[in-house]
């Protein structure tokens, strides 16, 4: 436990030095805060452009607060996943092939402590970025458009955070097995494939982690939800499996020789 804690502190220090603890929350905030702002001011923007008839501008519907928050959550499933995957694609492979892992793992530090510290560091970054940005989007939505039920809002945010946690776990696994841009490409393709398959056959794949996205949207909109526990259990199970395989794989891998690089 002490090994994992020391490695976790090292991860936080590295993210602080690389400004990830600053720029990723800022990027998340910019992605989602613009949603309520543009939704509220869209009629004024269209009127100022002069290219839209006044009748259409006058009848332009302003979405409700729940609809805007659903759109906010949608930003996390696309751009949010992309940012987290790009930020974490070298989290293990970069240290393995850069020689840092060799220096760390020759000490009495287990592969489990190494991987768990990486995962905990990325989860800390996720919780920080998501909480700040989601709270900011919620605040502007309430100020501009109206009340957002706090229970539904928190539940929907928690479901999306689980989806992003799965993306982090998958990225760590692939970063242990692969290197470079291949980690990001395969991670993004797999996340996209899960979303696509779930959209094409929602009744067959309601247990999929991608089912969390529809559950979150239905929750924030106040619609009835069914089989909510299946995607939650499957997502948690897959996160554990990804981290477990990453630990097993790192334990079996020989640290690459970097003397010739």
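Any Cβ shown, glycine's included, is placed from N, Cα and C.
Sequence-distant contacts of the transmembrane segment (21-42) (same chain, at least 6 residues past either end, Cβ-Cβ under 8 Å): 12, 15, 60, 62-63, 68, 71-72, 75-76, 79-80, 83-84, 87, 125, 128-130, 132-134, 136-137, 140-141, 144-145. Residues annotated as transmembrane segment in TrEMBL: 21-42 (among others).
Among the features that TrEMBL reports, transmembrane segment is placed at 62-85 (among others).
Residues or ranges marked as transmembrane segment by TrEMBL: 123-142 (among others). Long-range contacts of the transmembrane segment (123-142) within the same chain, counting only residues at least 6 positions beyond its ends with a Cβ under 8 Å from a Cβ of the stretch, are 12, 15, 20-21, 24-25, 27-29, 31-33, 35-37, 65, 68-69, 72, 76, 80, 84, 87, 148, 153, 157, 160-161, 164-165, 168.
Taken from TrEMBL, the feature transmembrane segment applies to 154-174 (among others).
Residues or ranges marked as transmembrane segment in TrEMBL: 180-197 (among others). Cβ atoms under 8 Å from those of the transmembrane segment (180-197) belong to residues 77, 81-82, 85-86, 89-90, 93, 167, 170-171, 174, 205, 208-210, 213 of the same chain, restricted to positions at least 6 beyond its ends.
TrEMBL lists 228-250 (among others) with the feature transmembrane segment. Distant neighbours of the transmembrane segment (228-250): 92, 111-112, 114-116, 119, 159, 162-163, 165-166, 169-170, 172-173, 176-177, 206-212, 215; these residues of the same chain sit at least 6 beyond its ends, with a Cβ under 8 Å from one of its Cβ atoms.
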Which residues of the same chain, at least 6 past either end of the transmembrane segment (154-174), have a Cβ under 8 Å from a Cβ in it?
69-70, 73, 76-77, 80-81, 84-85, 88-89, 91-92, 115, 118-119, 122-123, 126-127, 130, 134, 182-184, 186-187, 190-191, 209-210, 212-213, 215-217, 219-220, 232, 235-236, 238-239, 242-243, 245-246, 249
